[in-house]
Amino acid sequence: MTNTILDAPALHTHPAPHTHIRGKALALLAVLCGALFLDALDVSMLAVAIPRVGIDLNMTTTLPWVIAGYVLGYGGFLLFGGRAADLLGRRRVFLIALAGFVLMSVLGGFAWNGEVLIATRFLKGIAAAFTAPAALSLVATSFQEGPARNRALSFYTATGSAGFTFGLIFGGLLTEWDWRAVFFGPAIVGAVLFIAGLLVIPAHPRSEQRARLDVPGAVLITLAMMAIVYGLTLGPDQGLGNVATWGPLLLSVILLGVFVVVERRQPYPLLPSHVLKSWPRIRANLGVLVLVGSWNATQFLLTIHFQDTLQWSPVVTAAAFWPAGVLGLFVAPFMARLIKRFTLLGVMAFGLLLTVVAYGLLHFVSLDSMYWVAFFPAFALVGIAFTLIFSTGAIGATSGLPGNEQGVAGGVLQTAAQFGVAVMLAITTAVYRGNLPANASPEQELSAYEAGWVVPLVASVLVFSVVAVSVRPTKRTRNLVEEGNK
């Protein structure tokens, strides 16, 4: 079947005279982009501050839960959050969740012990699980399907990688002053976005389904996703054979099976089956899954390499990743034209090819390699690829669906990204540790890193192959080929 969403050279229901975003539309997009930027900023800022937090609050065995608690809440509630935005109103859900995000940030900054901090992080993850799909669905429903929406989604997705990179830098700087500033900073940004959101986000009518939320389905899928995230997040530390790893994963399989049975009997299911049965949407989600998962796993190993092997400071390490977060912003303005000329699949395939080249370049790294020769080219390619893949993935995942299903489609996309992080990080970490001998020399450490980097490389090659074989030549390409054969 070639006449599909992702095979089409452009996506629009009505012709649009231009794709420029101005006035109120620009203000709306700025707020929604700011929310995604804030989510990514918050996660990466805390990652830098974690060691100082552990010392100050006397956290030892419970310290990993500061990160895991957020991941558990975020990954577990994404689908629920997306469907809630569809049925209860995108504006309402976005603003309430953003207010909760700000409140938990403030409470986290005042945390007097580890238990309080972990609780605020878990609740903050839940809040982000509602703001993220609500914001994506607001972009998808506020801009006309076609070049205008493509352009808006391109800017929106590009701000995510930028926020993560800037968070690493600002997190390092703020931690040098006081780690609590890492919590108060996002709270201030979130408060500004909340006020701006009240002013610029238009009211959307509730779903015609009269807010009949599938409560049994929501409970089952939330518990299943939390079990998956728990097993994959803590699995590398516990060991794959430990019941703490395979027990939650087995439970998630059972819960997902019950979820499928329950959903078939629901008149208004939490996750409509056609959202997942579309092969173009599956490809879109798969591309984002591998992109986000591969880069997070690679960045994890590179951070260890820079700080432990090369003895770089946290701030220098964070600054080294700037090309991956910034360069994509310069690609975003051209995405609508690229998609129109080369199709969604063509642009996504090229982005995946760039990641293959980037991860391949890392295998030529040596202990005396210069940053601008060994790492900058790879990071630059990933930065460009991030916008190419995430933008086309977001467009493909949300296109062709009615407005009252945009939230759940966004939830599926972001769940795919979160699942990719958990799976890729678990596998990459296991391979890295399996190749790292005790009392390893710097050369042996580098060899272990390279073994771990094989995982993102292989995953990117596989998904590139899946997407590339589905690319159809555009009319312009066919004409050029025909002229060349004359």
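Placement of Cβ uses the backbone N, Cα and C atoms for every residue, glycine included.
Look at TrEMBL and you will find 26-50 (among others) tagged as transmembrane segment. Long-range contacts of the transmembrane segment (26-50) within its own chain (CB-CB distance under 8 A, at least 6 residues past either end) are made by residues 63, 66-67, 70, 94, 98, 101, 105, 124, 128, 131-132, 135, 138-139, 142-143, 152, 155-157, 159-168, 170-172, 174-175, 179, 182-183, 185-186, 189-190, 193, 196-197, 200-202, 314, 318.
Under the heading domain 'Major facilitator superfamily (MFS) profile', TrEMBL lists 28-477.
Here TrEMBL flags 62-81 (among others) as transmembrane segment.
Among the features that TrEMBL reports, transmembrane segment is placed at 93-112 (among others). Taking Cβ pairs closer than 8 Å, the transmembrane segment (93-112) reaches residues 35, 38, 42, 57, 81, 84-85, 120-121, 123-124, 126-131, 134-135, 138, 180-181, 183-184, 186-187, 190-191, 193-194, 197-198, 201, 407 in its own chain, all 6 or more past its ends.
Taken from TrEMBL, the feature transmembrane segment applies to 118-141 (among others).
For 153-175 (among others), the entry in TrEMBL reads transmembrane segment.
The transmembrane segment annotation in TrEMBL covers 181-201 (among others).
Within the chain, the transmembrane segment (213-232) has long-range Cβ neighbours (under 8 A, six or more residues past its boundaries) at 68, 71-72, 75-80, 83-84, 87-88, 244-249, 251-252, 255-256, 258-259, 262-263, 266, 268-271, 415, 418-419, 422-423, 425-426. Look at TrEMBL and you will find 213-232 (among others) tagged as transmembrane segment.
Sequence-distant contacts of the transmembrane segment (282-306), counting only residues of its own chain at least 6 positions beyond either end whose CB sits under 8 Å from a CB of the stretch, comprise 6, 276, 312, 316-317, 320-321, 324, 344-345, 348, 351-352, 355, 359, 362, 375, 382, 385-386, 389-390, 392-397, 412-413, 416-425, 427-429, 432, 445-446, 449, 452-453, 455-456, 459-460, 462-463, 466-467, 470. Residues annotated as transmembrane segment in TrEMBL: 282-306 (among others).
Outside the transmembrane segment (312-332), and at least 6 residues removed from its termini, the chain residues within Cβ reach (under 8 Å) are 48, 151, 154-155, 157-159, 161-166, 168-169, 171-173, 175-176, 295, 299, 302-303, 306, 371, 375-376, 379-380, 382-384, 386-388, 391. The transmembrane segment annotation in TrEMBL covers 312-332 (among others).
For 344-365 (among others), the entry in TrEMBL reads transmembrane segment. Sequence-remote contacts of a segment are chain residues at least 6 beyond its ends whose Cβ falls under 8 Å from one of its Cβ atoms, and for the transmembrane segment (344-365) they are 5-8, 11, 283-284, 287, 290-291, 294-295, 298, 335, 338, 374-375, 377-379, 381-382, 384-389, 391-393, 395-396, 446, 450, 453, 456-457, 460-461, 463-464, 467-468, 470-472, 474.
Positions annotated as transmembrane segment by TrEMBL: 371-396 (among others). Here the transmembrane segment (371-396) has Cβ contacts under 8 Å with residues 5-6, 11, 136, 149-150, 153-154, 156-158, 160-161, 280-281, 283-285, 287-288, 291-292, 295, 302, 320-329, 331-332, 335, 338-339, 344-345, 347-348, 350-352, 354-355, 357-359, 361-362, 364-365, 410, 413 of the same chain, all six or more residues outside its ends.
Through the fold, the transmembrane segment (451-471) approaches residues 6-7, 283, 286-287, 290, 293-295, 297-298, 301, 343, 345-346, 348-349, 352-353, 355-356, 359-360, 362-363, 424, 427-429, 431-432, 434-435 of its own chain, all at least 6 residues removed from its boundaries and within a Cβ separation under 8 Å. The transmembrane segment annotation in TrEMBL covers 451-471 (among others).
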The transmembrane segment (62-81) versus listed stretches 118-141, 153-175, 181-201: most Cβ pairs under 8 Å: 118-141
Distal contacts, the transmembrane segment (118-141) - CB-CB under 8 A, six or more residues away: 28-29, 32, 35-36, 39, 42, 62, 65-67, 69-78, 80-82, 84-86, 90-91, 93-94, 96-98, 100-101, 104-105, 107-108, 111, 149, 152-153, 156, 201, 204, 394, 398, 403, 406-411, 413-414
Beyond the flanks of the transmembrane segment (181-201) by 6 or more, those residues with Cβ under 8 Å of it: 24, 27-28, 30-31, 34-35, 38, 41-42, 45-46, 48-49, 91, 94-95, 98-99, 101-102, 105-106, 108-109, 138, 170-171, 174-175
PLDDT averaged over the residues of the domain 'Major facilitator superfamily (MFS) profile' (28-477): 87
